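Read the structure below first, then the notes.
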Amino acid sequence: MKAVKAPVEEMDQAECEVKEEKSASGPCFPPTFSVSEIKNKQRRHTMFLKLKEEKRKKRMELKKKKKKERKALDDKAPPKEVPKTIENQRIYDETTVNPEDEEVAFDEGTDEFSAYFNRLTNPKVLITTSDRPRGRTVRFCDQLATVIPHAYVYYRRGLALKKVIPQCISRGFTYLMVINEDRKVPNGMVLCHLPDGPTAHFKVSSVRLRKEMKRRGKNPTEHSPEVILNNFTTRLGHSIGRLFAALFPHDPQFVGRQVATFHNQRDFIFFRFHRYIFKNEKKVGIQELGPRFTLKLRSLQKGTFDSKFGEYEWVHKRHEMDSSRRKFHL
């Protein structure tokens with residue numbers, strides 16, 4: 001009996017040691033454990049915060065360690081790593097425009113906007129809406145007319161766009177802008193360059209009118225604004241940039257200190273309207289005037305608007321084109 005008891009006592013001691021180790025180190029989870037497997041909501045939330053704090057501490061320790069190593073090496077320290085972003089990891093597009101390319105210069109001299117850039121025409125814009133627009137869409141159109149010089153707001157009254165376009169051409173308009181709405185909110189824009197096109201269709205989102213903006217400036221003056229176009233690098237983006245540029249007069253009136261910005265980032269075009277505030281000879285600030293909104297290109301059509309027989313240069317096909325987050329078209 002004594003020979004049998006010895007191994008049993010050793011096993012009991014081993015089990016006690018294991019239990020003590022477990023209690024000291026906290027609960028042990030299997031290697032494939034996930035916080036989402038905890039059914040109790042309060043415990044799950046507590047465990048999530050605990051894991052998040054542990055990750056933060058490890059990250060800070062690693063950061064301090066790297067900082068000490070860099071300080072010790074001084075001039076011999078390796079160069080800092082550039083953070084990876086979707087922009088600098090972008091997949092190269094073969095249609096990226098080189099401004100010095102002769103083919104690009106020839107296309108610019110013969111495309112639909114050449115008359116504007118050769119100063120043969122002055123922009124004149126007609127802004128209209130879908131049928132029976134609501135108050136928010138009407139106010140949005142009125143504010144757009146204060147941003148774009150020589151812009152006039154007219155209401156459709158049930159007329160088809162195919163009948164509106166010939167009337168615009170006969171009255172000397174160079175652009176037709178149609179603001180569509182859904183559930184009383186502006187959600188689309190059709191921008192048609194006259195008389196030869198092209199026609200672009202955009203999705204409109206994140207519309208903020210002037211009254212909805214904090215710390216906005218006074219209403220814009222009638223001075224022609226400066227136009228800034230950012231990150232329109234491909235052939236398609238170049239065409240869209242020229243489409244926006246031709247909305248505004250050739251020579252900005254810098255006395256008004258107003259600037260309209262179309263900033264392309266990940267194929268979203270952010271529009272902002274600012275006024276420069278000069279504090280002294282060296283310092284300058286900007287004051288947003290509004291409105292602000294975001295555009296997403298849906299299609300680009302050759303010629304004027306024709307929903308049935310129009311020839312499309314580019315159409316956004318979401319499931320085919322958005323397979324990679326690092327692929328951009330503008």
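Positions of Cβ are set from backbone N, Cα and C atoms, glycine also.
Among the features that Swiss-Prot reports, region 'Disordered' is placed at 1-32, 53-83. What Swiss-Prot records for 55-70 is compositional bias 'Basic residues'. What Swiss-Prot lists as compositional bias 'Basic and acidic residues' is 71-83. Per Swiss-Prot, the feature domain 'Brix' maps to 123-306; the stated evidence is sequence analysis. Sequence annotations record features per position, and here Swiss-Prot assigns region 'RNA-binding' to 284-301.
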Surrounding residues of the region 'RNA-binding' (284-301) on its own chain - C-beta under 8 Å, 6+ positions past either end: 140, 143-144, 147, 186, 189, 197-210, 213, 215-220, 236, 239-240, 258-259, 267-278, 310-316, 329-330
Within-chain partners of the compositional bias 'Basic and acidic residues' (71-83) [C-beta distance under 8 Å, separation at least 6 from its ends]: none
Tally of residues which DSSP labels helix, strand or coil - the region 'Disordered' (53-83): 24 helix, 0 strand, 7 coil
The region 'RNA-binding' (284-301): DSSP-derived helix, strand, coil residue counts: 0 helix, 15 strand, 3 coil
